[in-house]
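Annotated domain 'G-protein coupled receptors family 1 profile' per TrEMBL: 1-157, in sequence order. Among the features that TrEMBL reports, transmembrane segment is placed at 6-27, 69-90, 102-125, 137-156.
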Amino acid sequence: NTNPRLLLLIPGFWFLVFLLEISPIIFEERLPFCRSREVKSCCCEHIPVYKLACIPTSFNRQMGTAKTLTVLIGPLTFIIFTYAIVVVAVTRIASISQRWKAFHTCLIHLLLALIYYMPVMLAYVLGNLRLIQNFDLYTAVLTVSVTIPPMLNPIIY
């Protein structure tokens, strides 16, 4: 990577994140709320806000699902694709000890990525498919899924 390329990538990703986060807010802004305005969630989620609306919110739910899948599956797909390229490159290394060292480093990083993505995706799938009926349990699962993986990073490294 070069500095000019990074100067384009970093603002580009920040703009993409801004767009992904502002769109649900714009959709929520247009909803009429006639019930309690108390959002029962410990995380910054949009679905609990949609549930407070007086009108059907299937479009908002679909947009939220599309956004979440994009944010979760997009980077995970990129990571897996990148590792496929790395595996091909590492298999071309002649020395077995260097090959093992490269695979070990990649395996640790891939493990960290999976430790982050799998609980978050599991919590999202369980919540979206309504397999967890108790909202407090869902909140606990979501909180643990976004708290524990970053706490494991120093231990793994």
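Yeah, the Cβs are placed from backbone N, Cα and C, and that goes for glycine too.
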Contact set, same chain, for the transmembrane segment (102-125): CB under 8 Å, 6 or more residues outside the stretch: 68, 72, 76, 79, 83, 86-87, 90, 93, 131, 138, 141-142, 144-146, 148-150, 152-153, 156-157
Close approaches to the transmembrane segment (6-27) from elsewhere in its chain (Cβ under 8 angstroms; 6 or more beyond its ends): 46, 59-60, 63-64, 67, 70-71
Per-residue pLDDT averaged over the domain 'G-protein coupled receptors family 1 profile' (1-157), given as an integer: 82
